[in-house]
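Working notes for the structure below.
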């Protein structure tokens with residue numbers, strides 16, 4: 001019906017406010033709105049300004065030109081806000097271009113002398129041996145900035161400590177912290193043209209020269225598997241308050257491990273067979289007494305023989321095979337190929353997070369560059385990606401009651417972050433199991449099923 | 001207001017993307033060349049949100065190419081430039097740079113301390129005013145009760161005035177101390193200067209890159225002629241995947257205007273799926289924009305681009 005069509009088109013515009021949540025970050029916002037927030041009274045930056053009114057098209061009025069120039073001025077002003085660090089609480093990091101390394105020794109030493117001196121120095125808890133040079137605690141080899149005075153809440157979820165109580169930061173972590181003005185990264189002496197004589201002796205790596213934002217991007221944005229798409233996702237989610245860490249699939253050659261434990265699979269398999277209690281025993285007995293015939297090639301689809309219940313008939317009628325995501329995956333799994341690999345684990349702000357023992361992530365994210373991969377991923381790519389995630393059946397109490405929520409949640413899920421030149425779109429892909437939702441069984445529960453869920457308006 | 005940057009503006013090529021770090025370049029290119037890019041950094045003043053973002057500005061390859069072709073910008077291999085530049089720094093350069101930063105840091109510190117002072121004084125004044133008002137009210141009450149008049153409020157007022165004068169004296173004294181100390185060291189409680197993370201590396205490093213650090217014009221997708229044509233027609237373009245298209249075309253600066261078109265490029269002889277046209281048309285109508293499809297008749301010739309807009313007629 002044409003009218004219905006029309007209504008569908010106009011619906012979103014008419015009561016947009018009611019139905020569609022406007023994502024302010026979708027479009028460029030007027031920076032004048034930003035200046036309404038007073039930064040000076042810090043701590044009370046409670047709310048972000050509302051969406052400003054925009055004009056339909058330019059006209060040659062002075063009025064419009066004035067507003068535009070005011071907007072640009074506000075933008076210029078906001079963007080030129082400096083990153084300054086009060087000496088009382090400034091956090092200083094030092095860039096380590098060669099990756100994690102133990103702190104330099106106090107005096108110049110030959111390789112042979114290193115051992116004896118390290119042995120002699122009491123406070124250093126490190127075992128003085130050549131191996132400590134390469135492994136300095138469980139610091140990620142891609143880490144490239146260390147912080148000696150980690151006094152910030154951010155370090156609750158960022159960085160790894162070595163045995164000298166320094167926190168090592170991965171490139172994306174360092175860049176994010178520098179960008180938000182929480183970290184002052186210094187160039188090491190080796191990178192800023194200090195002479196040999198100047199370098200050794202005092203054992204100080206910090207040159208005192210701060211890295212600019214530009215230098216930090218140049219040093220970190222392409223380091224250790226990071227690229228600008230991944231960084232966009234990382235920093236965007238961090239800004240929203242999520243905790244986000246690298247997943248094992250970060251490196252292209254790394255084996256992607258899943259937390260797939262067999263126990264959950266088996267449990268699900270057990271639940272499938274028959275009902276529980278007396279009814280289950282009875283139905284199994286009947287099935288044993290007169291097994292429903294399986295010959296459907298001849299005769300009626302439901303087969304000839306005794307049918308004790310509609311359930312039997314319906315289950316016979318379901319002749320189209322369906323994929324059961326809870327079934328144990330095949331032995332040889334196809335490996336998820338980049339970019340369709342999980343590269344980030346994301347935790348909601350409410351999830352208690354411990355750096356030493358990160359819990360199971362709330363979301364798993366694969367990052368795709370929309371410019372390099374312009375088509376929708378193939379079935380096998382998606383399949384491999386989903387298989388690399390652990391089973392996540394819809395198990396909450398609410399979902400056990402509502403079928404549509406179960407379908408929507410699916411049995412495995414992953415989030416695709418599609419990045420188009422800095423603009424990120426997140427898509428959730430889940431493996432729904434329509435075959436597992438036996439509608440006839442639901443009917444049998446009672447003639448009146450619980451309320452029909454209303455189809456959600458987009 | 002803002003100073004125009006020297007041309008050509010260096011565009012940093014890092015990790016496969018094109019970035020601008022200089023705020024002057026960003027404002028200039030936006031104002032004069034209708035290049036908006038996408039802000040991708042965190043604003044240090046409000047870091048926990050995604051609505052207003054800050055430097056660096058990320059440019060599409062099309063935008064970078066356009067600027068290079070206009071001769072307004074050049075592409076710099078930033079990783080190389082940084083490494084070489086910083087390694088080549090001399091002792092004198094370092095000292096000069098550090099001194100510069102220190103004076104900036106001292107300036108920032110002065111600004112902040114004076115602002116804090118101001119705030120404190122304002123707060124104090126407010127408290128005083130409140131007290132005075134309360135006192136006045138109390139006095140009124142007592143006068144109403146006792147009936148013996150004018151003395152108390154009168155006595156309260158001189159106090160108030162004296163307080164204010166005191167305050168002013170203090171501010172002026174403080175101001176004078178700070179202005180005295182501009183040249184020398186300031187006695188701040190913690191250290192003397194703010195640490196500064198500059199946005200650009202220009203002060204220690206040269207502004208213009210050496211020839212070896214320059215890169216050729218960026219490779220662009222086949223939609224570039226359409227991009228160039230729409231840009232020449234005065235549209236502001238931004239990446240449009242979020243709205244299901246290649247570019248969003250704005251009639252004016254996106255700061256002040258909503259976009260009018262969802263732009264999708266096609267080759268001249270490309271067979272279009274009718275479904276794609278219908279889907280695009282409906283999508284555009286749904287978000288009150290037109291669906292624009294276009295392409296170049298001769299390969300890579302922006303002059304031969306023709307554009308068509310599709311609208312859902314809704315008969």
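For all residues, glycine too, the Cβ spot is worked out from N, Cα and C.
Here is what TrEMBL says about this protein:
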type	residues	note
ACT_SITE	B:250	active site
ACT_SITE	B:258	active site
ACT_SITE	B:289	active site
COMPBIAS	B:114-128	compositional bias 'Basic and acidic residues'
COMPBIAS	B:168-184	compositional bias 'Low complexity'
DOMAIN	B:9-78	domain 'TSEN34 N-terminal'
DOMAIN	B:224-296	domain 'tRNA intron endonuclease catalytic'
REGION	B:104-128	region 'Disordered'
REGION	B:140-184	region 'Disordered'
What counts of helix, strand and coil residues does DSSP assign across the domain 'TSEN34 N-terminal' (B:9-78)? 22 helix, 25 strand, 23 coil
Give me the mean pLDDT over the domain 'TSEN34 N-terminal' (B:9-78), rounded to a whole number. 89
Could you put numbers on the helix, strand and coil content of the compositional bias 'Basic and acidic residues' (B:114-128), residue by residue per DSSP? 15 helix, 0 strand, 0 coil
A correct count of other C-beta atoms within 10 Å of the C-beta of residue B:258 (active site) gives 18
